[in-house]
Amino acid sequence: MEIAAVSTVSVAPQSRRVSNAFSRNLGSVSSLSFGFFEKEYCFKSPSLRVSAAASMDAVTAEKFSPASFLDKKETGVLHFVKYHGLGNDFILVDNRDSSEPKITQEQAAKLCDRNFGVGADGVIFAMPGVNGTDYAMRIFNSDGSEPEMCGNGVRCFARFIAELENLQGKHSFTIHTGAGLIVPEIQDDGQVKVDMGTPILKAQDVPTKLSGNKGEAVVEAELVVDGVSWNVTCVSMGNPHCITFGKKGGPNLKVDDLNLPEIGPKFEHHEMFPARTNTEFVEVLSRSHLKMRVWERGAGATLACGTGACALVVAAVLEGRADRKCTVDLPGGPLEIEWKQEDNHIYMTGPAEAVFYGSALL
């Protein structure tokens, strides 16, 4: 596999900027314009070749506009744009011409490798809509597995569609995901507000083998991990989440003290979670301010998890620890989460930003 990536670097101040929304967004990262490659840095491994272009002349910027770049039809070449939502980063692929992903799960895992690939938490495919939706979204995690959906990924997806369609200002889309219908709305300030639907609390639908102790829901139940009892609440946002505020009978968590790589996999692969689970470790700062670290199923420790932030607010409300509208601090930054009582829907608001675009020879 060979990868060519355009990096975000400064150019001379007299250079003319590209006028579309994509370049303006990248301009917030650095003074980037696209054009001729003056330098090329290459790295080779037995399985792929990575090259990054730097210091470019903007005179021919139009040749590297998002539309023209992603519309290229080259056999054996995958064009992509990398985005991130609070550091949760994804490779976005324009797959609107096919209902099958353009790469395999094995190829996606190679692309996501942070040492020998592009580096990402997952690959997201923008696909034709189904069942009357505008678009469909599929994701391959960095380990090649396929989750039902991803909250931060949905925000990146929405911004990606806006760039592809050259949409300006406020817009909303209907997206079919493995977790059902999701409706993101790009705000005037560029933030993305997403209607994440309703939480699933029935134990067998999360799924978890833990017995429901609050009706059919699992709330503050005991989960024994390596001989230690934790209080957990189980919530599905279309994908499974196990939320804990601390050990049974112990003080509230201080999440910065956790050895996440050690404890995270033990929750993910616990026998009580037949489909594995995402795990949120939560510290309560106030009734409207929560702090979390996450171990994601199939991706490990990440800087942010949108569905996890939604799930933990549900858990915090069910356990009486927080109100329905909260700021959730993640390692990559804050998300605004609201679980509305009127319709039982959860709304997530946060950023999504383009990083760079590139190509991979498959």
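Any Cβ shown, glycine's included, is placed from N, Cα and C.
Owing to the predicted nature of the structure, the values given are computational and were not obtained by experimental measurement.
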Swiss-Prot annotation, substrate site containing N88, N141, G151, N152, N239, E296, R297, G306, T307 - matching residue among N166, N252, N259, N278: N278
N-acetylalanine according to Swiss-Prot, picked from A53, A162, A221: A53
Helix, strand or coil at G151 (substrate binding site) [DSSP, three-state]: helix
For E296 (substrate binding site): DSSP state (helix, strand, coil): strand
Nearest-integer angstrom distance between the alpha carbons (Cα) of G151 (substrate binding site) and C305 (active site): 7
Remaining residues near the recorded substrate site, that is with C-beta within 8 Å of the centroid of the site residues N88, N141, G151, N152, N239, N278, E296, R297, G306, T307: P147, M149, C150, G153, V294, A299, T302, C305, G308
Rounded distance in angstrom between the Cα atoms of C305 (active site) and N88 (substrate binding site): 7
